[in-house]
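Before any comments, here is the structure.
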Amino acid sequence: MKQLTLAKTVKGVGIGLHKGEPIEITLEPLEANSGIVFFRSDLNASYKASPENVINTQMATVLGDERGFISTIEHLMSAINAYGIDNVRIVLNANEAPVMDGSSISFCMMLDEAGVKELDVPKKIMVIKKPIEVRDGNKFVRLTPTKEPRINYTIKFDNAVIGEQSYNFEFSKKNYIENIARARTFGFLKDVQALRSMNLALGGSLENTIVVDENRILNPEGLRFKDEFVRHKILDAIGDLTLLGYRVFGDYTSYAGSHHLNHLLTKEVLKDKDAYEIVSLEKTTQKAYEKVFA
């Protein structure tokens, strides 16, 4: 099984969730073993997608350094992971990725337009060898060894609309596109004013965010799935784990997880060299793992 990049360059435009300004995005092919690289054209600054370059996880996953930052990368990263893309350059002319419709389906469409190209180098994956867990009170995220990678996610909100939701996701590109990619980000009406006073969520609207009041959803079209909230958290988690640089072959379990806990989990994994093995998918090894790329 070979590493993948894009077959051609594709461009798009969307609104930034936090600043509310139009953002141009370009996805470009990269050579083998390059990984996922973000480039801010307005700063002439590159940022490799990796846990060590994460500087903030409060409202989104943010890459950066003293030169600047790129926020809200997780939806795009999630789509890139689902499509099995190993090497891609993401060019942005602003400090965040566009929110599109609040899900990752627009990025999936961009990747469909670009197509994929095989590179003459074996694909590598990260196989989890022992359990790694991060907790914050009763909240936790965990990776464990498995023969059938899944994501088991539970959320619990003190809100009548959301309440407690669980979803078990078995990884495949087809399953992702059908059941995860269209799940939108969500927020609470009571938080909007506070966020905007901090110059955040300025681009948020009913066109790119599910807005929840105490006992109703404000979006006139309603939900795309009855459990769209937990499905979106899975979308986010896939994007956050992609920062490890490989498709992760392990069971991910979360209760009330977050970008912050996901980031701490990726750091814990990389700290313990016995916790994982990087497996090159040569002809002799790919059979055991190829299902996850179906």
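Including glycine, each Cβ sits where the backbone N, Cα and C put it.
Per Swiss-Prot, the features are:
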| type | residues | note |
| --- | --- | --- |
| BINDING | His75, His232, Asp236 | Zn(2+) binding site |
| ACT_SITE | His259 | active site, proton donor |
Quick one: among the binding-site residues His75, His232, which has the most Cβ atoms sitting within 10 Å of its own Cβ?
His75
Cα distance, His259 (active site, proton donor) to Asp236 (Zn(2+) binding site), nearest Å?
8
Run through the Cβ atoms and count how many others sit within 10 Å of the one on the residue listed as 'active site, proton donor'.
20
For the recorded Zn(2+) site formed by His75, His232, Asp236, which further same-chain residues have Cβ atoms within 8 Å of the site's Cβ center?
Glu74, Ser78, Ser103, Ser104, Ala183, Thr185, Lys233, Ile234, Leu235, Gly239
Using C-alpha atoms only, work out the spacing between His259 (active site, proton donor) and His232 (Zn(2+) binding site) and round it to an integer in Å.
12
If you count Cβ atoms within 10 Å of the Cβ of Asp236 (Zn(2+) binding site), leaving out that atom itself, what do you get?
23
